[in-house]
Amino acid sequence: MSSFANRDVISVRDFTRKELEELLSHAEEMERVYERGGDDRLSGKILATLFFSPSTRTRLSFESAMHRLGGDVISLGGKEAASTAKGENLADTVRTVEHYCDVIVLRHPKEGAARLAAELTDVPVINAGDGANQHPTQTFLDLYTIMKEKGRIGGLRIGLLGDLKYGRTVHSLAYALALFGAKIHLISPEELRMPSHILEELEQIGAEVEEHRDLEEILPDLDVLYVTRIQREMFPDPEEFERVKGSYKVTRELIEEHARSDLVILHPLPRVDEIEPDVDELPQARYFDQVRNGVIVRMALLDLILGGG
């Protein structure tokens, strides 16, 4: 029986390296299922997506993954979710929805919402993002993409660029990279540096971490560059956003002049203006491969949780 069977997925911190390796290994098997067009191993199972804050890619990725394994999907999102949030508390919502499904995928603007939902329900809860806190399945697909592109994670020099203060993807990813022994380079304006509690946590697990303000200076040394957008909606102070927006821009010229030919550029998407469109044509650009890998990894995760692998 898989260690993921009937398990909640709330934070990367809930998993050991061995467990993450189990998921990555199963994703390799699931990629072959994906390439065959899927199968029906989760027939009769129902996934509920509850999205109380905006999402396109994550929600569609989970729904696609479930359908490709023969399962069904019910959804609450958009205006309907906003209305529900106003008239019914989260606890009542998840306690109701658990009777309609076998697994819940939840996105909520409040940090800790996914953990609360998991404590209240008997069906597994998967965190699809809770405020600026965690986004574990994005980290899983990021790890899988890096492993596919580079053949390993340990020892790689990986740069995390952009909003490291409010960006939940990098909060999850930095911890996972540390578990695998990657060398982490944090690149951001002073105002958007990684929160001190995360830096302290990385230090406690023996991570090799360096902070930088200048992308051009460190770029030639990187194996992977993970770019994040600066999200207006994450800033409690609009003036702070205005001060830091547009702090970094990855251009074709920058990559061609300063990056290694085997650099891998990743981005959780959507982007704003932090990666110029003509970078897409470069061999280093792998962010659309991430999208494909996201479906595969979520297929693997759902199979391990609901089918036991």
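Including glycine, each Cβ sits where the backbone N, Cα and C put it.
The carbamoyl phosphate binding site feature in Swiss-Prot is assigned to Arg57, Thr58, Arg107, His135, Gln138, Leu269, Pro270. DSSP classifies Arg107 (carbamoyl phosphate binding site) as strand under the three-state reduction. Around Arg107 (carbamoyl phosphate binding site), the same-chain residues at least 6 positions away in sequence with a Cβ under 8 Å from its Cβ are Leu50, Phe51, Phe52, Ser53, Ser55, Thr58, Arg59, Asn127, Ala128, Gly129, Asp130.
Note: Arg229 (L-aspartate binding site) has non-local neighbours Gly162, Asp163, His267, Pro270, Arg271, Val272, Glu274, i.e. same-chain residues 6+ apart with C-beta under 8 A of its own C-beta. What Swiss-Prot records for Lys86, Arg168, Arg229 is L-aspartate binding site.
With respect to their backbone Cα atoms, His135 (carbamoyl phosphate binding site) and Arg168 (L-aspartate binding site) stand 6 Å from each other.
Taking the Cα atom of each, Gln138 (carbamoyl phosphate binding site) and Arg168 (L-aspartate binding site) are about 10 angstrom apart.
Geometry remark: Arg168 (L-aspartate binding site) versus Arg57 (carbamoyl phosphate binding site), CA distance 15 Å. Our reading of the carbamoyl phosphate binding annotation (Arg57, Thr58, Arg107, His135, Gln138, Leu269, Pro270) yields a largest Cα to Cα distance of 16 angstrom. Excluding the listed site residues Arg57, Thr58, Arg107, His135, Gln138, Leu269, Pro270, the same chain places Ser55, Thr56, Ser61, Ala128, Gly129, Thr169, Pro268 with Cβ atoms within 8 Å of the centre of the carbamoyl phosphate site Cβ atoms.
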